[in-house]
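Asks: When I checked TrEMBL for this same protein, it listed these features:
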| type | residues | note |
| --- | --- | --- |
| BINDING | Lys75, Lys99, Ser354 | substrate binding site |
| ACT_SITE | Lys111 | active site, proton donor |
| SITE | Asp151 | site 'Important for catalysis' |
| BINDING | Thr195 | NAD(+) binding site |
Amino acid sequence: MTTTSETHTQTPLATAHAQLAAAVRHLGYDDGLHANLATPRREVHVSVPLRMDTGEVRLFHGFRVQHNVSRGPGKGGLRYHPSVDIEEVRALAMWMTWKCAIADLPYGGAKGGVAIDPREHSSSELERVTRRYTSEIMPLIGPDTDIMAPDVGTDEQTMAWVMDTYSVNRGYTIPAVVTGKPVAVGGSLGRNTATSAGLVHVTEAALRTAGEALEGRTVAIQGFGKVGAHAAQIFARRGARIVAVSDVDGAVRADDGIDVPRLTEHVAATGTVAGFDGADPITNADLLRLDVDVLVPAATQGVIDEETAHDVRARIVVEGANGPTTTEGDAVLARNGVVVVPDVLANAGGVVVSYFEWVQANQAYWWTEREIAEKLEHRMVTAYDAVTGLARREELSLRDAALAIGVQRVAEAHKIRGLYP
Ligand SMILES: NC(=O)c1ccc[n+]([C@@H]2O[C@H](COP(=O)([O-])OP(=O)(O)OC[C@H]3O[C@@H](n4cnc5c(N)ncnc54)[C@H](O)[C@@H]3O)[C@@H](O)[C@H]2O)c1
């Protein structure tokens, strides 16, 4: 597992199981239901042989996990990262189940991954890996069964290859088999910025709860990929001050505020935030310790653990990444009075607009960007209000309240459907 510090950080699956156990305790469910909710419905392991551009053949391992399908088809991203393994994919699939339920989408949770470093491969090699992986998991996926989207290391081009491979094998074009694909082949307007836009909506709502506006607030963002970079742009446009950002190669800080459009140009030219001349270099660890209003971990899991959580001085942590805070890290943040807006709520904007994309593709009728932005804001604020309402009524953290809502909705669907046979 990748972490900023190579310590014995809790694994994502252990974190996910601990969160579920807390929700199950709160809801008073029995062991049978707990086991059902903790266990994936289906999972496949596949071998993905790749003919490299040199002619050499290498073998990679891929996975697809459908954690729960009680509320609808599996939904979840495809991750390309060297540390991907079945346990990580199980954790990510479980978080998707709760996230879709919290956002009240008619989906279950799924996730896929290939243990490969996309930075070491050409575009044509990645295309061959994607097409072979898609062929191997073909019996499991489909617009009514399991719908993929981009995640770490994959993007809209990856989704276009998945859709094409699936469609060619079926004999006609099926855009609804993936979301997060290019607009030219049935993608949705607003999907590429949706996770970040949703994250900014819940940040604004959290500040509003504290009687504050977003304008003038200081923000530090870990990760400058699809989620982090768009979040920085949207925060800056809304008047917040981005004081630090990082990526896997380094971090930069400017207390007067980073010029985000100029930083974006620098990243487009060099591939990293490191070396940006409009800010001072700091370490990734320093970024987590900054005295800011809002800290957005938007890179990877397990970065706020028992050790690093002690140094977090932000007032609000808004989780862009999946699983950035371990159970022990959560406890430390709670003791120190740091409000955590949990991943299953904070980064749900992506799957919300993925849902809109799927609905549009199924109807072959596309909405305007404004319609999508309005519907996204409504969904995010509705979910946020439900979570904060329960947290207040039952004196829970936002994470425990979010999990309780998600788990309860899934369990309810499971109970109403009954047990077959
Ligand atoms: N893309 C989405 O729509 C979406 C939706 C919900 C959740 N997420 C989650 O958000 C996180 C980021 O996803 P993404 O799609 O932006 O991925 P991405 O691959 O586009 O970007 C990841 C970024 O994190 C940086 N990074 C990686 N390890 C780091 C480290 N140890 N320290 C600092 N920076 C590091 C990378 O350099 C890159 O800038 C993941 O946890 C993902 O599961 C993504």
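Placement of Cβ uses the backbone N, Cα and C atoms for every residue, glycine included.
I would like each feature placed in context: is it buried or exposed, what are its neighbours, and how far apart are things?
Replies: For Ser354 (substrate binding site), other Cβ atoms within 10 Å of its Cβ number 28.
Under 8 Å, Cβ to Cβ, and six or more positions away along its own chain, Lys111 (active site, proton donor) finds Arg64, Val65, His67, Gly76, Gly77, Leu78, Arg79, Val89, Arg90, Leu92, Ala93, Met96, Asp151.
Asp151 (site 'Important for catalysis') is surrounded by 24 other CB atoms, counting those within 10 A of its CB over all protein chains shown.
The Cβ of Thr195 (NAD(+) binding site) lies under 8 Å from the Cβ of Lys226, Val227, His230, Gly320, Asn347, Gly349, Gly350, each of which sits 6+ residues away along the same chain.
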Asks: Quick check: with Lys75, Lys99, Ser354 left out, which same-chain residues have Cβ atoms within 8 Å of the centroid of the substrate site Cβ atoms?
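Replies: In sequence order, the nearby non-listed residues are Gly76, Met96, Cys100, Ala103, Leu105, Tyr107, Gly109, Ala149, Thr179, Ala348, Gly350, Val351, Val352, Tyr355.
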Asks: When you measure from each Cβ to the nearest atom of ligand 1, which of the recorded positions Lys75, Lys99, Lys111, Ser354 fall under 6 angstroms?
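Replies: Near ligand 1: none of them.
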Asks: To see if you understand the setup: which same-chain residues, six or more apart in sequence, place their Cβ under 8 Å from that of Lys75 (substrate binding site)?
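Replies: In sequence order, Met96, Cys100, Leu105, Tyr107, Gly108, Gly109, Ala110, Asp146, Ile147, Ala149, Val351, Ser354, Tyr355 meet the Cβ cut-off.
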Asks: Which chain-mates of Lys99 (substrate binding site) that are at least 6 residues away have a CB under 8 A from its CB, listed by sequence?
Replies: Gly109, Asp343, Val344, Leu345, Asn347, Ala348, Val351, Gly406
